[in-house]
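Pulled from TrEMBL:
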type	residues	note
ACT_SITE	GLU312	active site, proton donor/acceptor
BINDING	PRO113, THR114, TYR115, ASP144, ARG187, ARG192, ASP225, ASP226, ASP227, HIS339, THR340, ARG341	UDP-alpha-D-glucuronate binding site
BINDING	ASP227	Mn(2+) binding site
COMPBIAS	16-25	compositional bias 'Low complexity'
COMPBIAS	35-54	compositional bias 'Basic and acidic residues'
COMPBIAS	343-353	compositional bias 'Basic and acidic residues'
REGION	1-62	region 'Disordered'
REGION	343-366	region 'Disordered'
SITE	GLU258	site 'Interaction with galactose moiety of substrate glycoprotein'
SITE	GLN349	site 'Interaction with galactose moiety of substrate glycoprotein'
Amino acid sequence: AGGGAGPVGRRRGLGREPLVPSRPRLLGRGRRRGHEAEAEERVSRLLPGVDRRPPLRAGQPCDCLPPLRAAAEQLRQKDLRISQLQAELRRPPPAPAQPPEPEALPTIYVVTPTYARLVQKAELVRLSQTLSLVPRLHWLLVEDAESPTPLVSGLLAASGLLFTHLVVLTPKAQRLREGEPGWVHPRGVEQRNKALDWLRGRGGAVGGEKDPPPPGTQGVVYFADDDNTYSRELFEEMRWTRGVSVWPVGLVGGLRFEGPQVQDGRVVGFHTAWEPNRPFPVDMAGFAVALPLLLAKPNAQFDSTAPRGHLESSLLSHLVDPKDLEPRAANCTRVLVWHTRTEKPKMKQEEQLQRQGRGSDPAIEV
């Protein structure tokens, strides 16, 4: 067996030919090269721009680090761009720049009666900050008091608004008694009339701007109570009033809103539930009057003896006919002011501590 194997082994070893035929091995290499080419094509599609190198041969060391780094950098850049786009989508749009105030813009004179109570400063701070957003505005703040109070004087000085500080005390016969409902005596009558007197050049200012508007001043007068809520848009709606402009008021008269009914751009009626036959069934916050019209009617003022709900009519009846009212706020279809009221704070614990001599420090202004 050994002798027979020698010649065969020598014959097979001639020329050092391999024992296994070479054709199957060549086919295997072709398949591998095909797979490599397919994989390279997939990488090129997924990661365009990646450095394409010739396929490795058997035994050749793999230098894969540069293409992997390039692929990782591409992915990082894409992730960064996605993050930037997501941040831009979350960012709120920039607020429009406030246009410069043209001198020809009519001034809005806002008349606010106020009286001392626990929530007075809170109400006035909120209102003053709304008014500070409105260009060309003059605040007439009228205290129901014998003399100006430090609280109101200090608040006006810190408001940054153009203001006039007025003071007039409500007569004793017209004051509400403790526990008496607000409709028994209309509040703020003397104070609103005091502001009208100042506008007509009758003086009385105790602080701020003391000179009334000169003759020919273009402006509009609005009666804004200190406990209502006002949209900034409302003031631009009223600014160009020619006579008397009107709009709806929300949360008033036991209704979701109360206001004029408009047809073909003219007021034809009023949406109201209480005494709809009043001459002007509108809320105090629901109208504005052109300054020239008020100055041309020197006897037009609020009547403290007017029946309940007729206070607004006591002024407007001297100024305009209902058919000549100017509808604003998209023909009175938008509510831009709300007749809100701050809840009266309960001071039970404060009173108890005061009886014990441990009440809140009265020197701290609230």
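The chain as shown is numbered from 1 upward.
Each Cβ is built from the backbone N, Cα and C atoms, and glycine gets one as well.
Heads up, TrEMBL stuff is auto-annotated, nobody curated it.
The model shown is predicted, which means the values in this text are computed figures rather than measured ones.
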* Write down the Cα-Cα distance for ARG187 (UDP-alpha-D-glucuronate binding site) and GLU312 (active site, proton donor/acceptor), rounded and given in Å. => 12
* Asked: Taking PRO113, THR114, TYR115, ASP144, ARG187, ARG192, ASP225, ASP226, ASP227, HIS339, THR340, ARG341 as the record's UDP-alpha-D-glucuronate-binding set, what's the max Cα pairwise distance in Å, rounded to a whole number?
  -> 21
* To do: Can you grab the distance from GLN349 (site 'Interaction with galactose moiety of substrate glycoprotein') over to THR340 (UDP-alpha-D-glucuronate binding site)? Cα atoms, rounded to a whole Å.
  => 26
* Structure fact -> Within 10 A of the CB of PRO113 (UDP-alpha-D-glucuronate binding site), the number of other CB atoms across every chain shown is 26
* Candidate with sparsest Cβ neighbourhood (10 Å radius) among ASP225, ASP227, GLU258, the listed recorded positions -> ASP227
* **From binding-site residues PRO113, TYR115, ASP225, THR340, the one whose Cα lies nearest GLU258 (site 'Interaction with galactose moiety of substrate glycoprotein')** => THR340
* Asked: Of these recorded positions, TYR115, GLU312, THR340, GLN349, which scores lowest on Cβ atoms within 10 Å?
  -> GLN349
* Going by DSSP, how much of the compositional bias 'Basic and acidic residues' (343-353) is helix, how much is strand and how much is coil, in residues? -> 6 helix, 0 strand, 5 coil
* Asked: Once the chains shown are all counted, how many other Cβ atoms turn up within 10 Å of the Cβ of ARG187 (UDP-alpha-D-glucuronate binding site)?
  -> 19
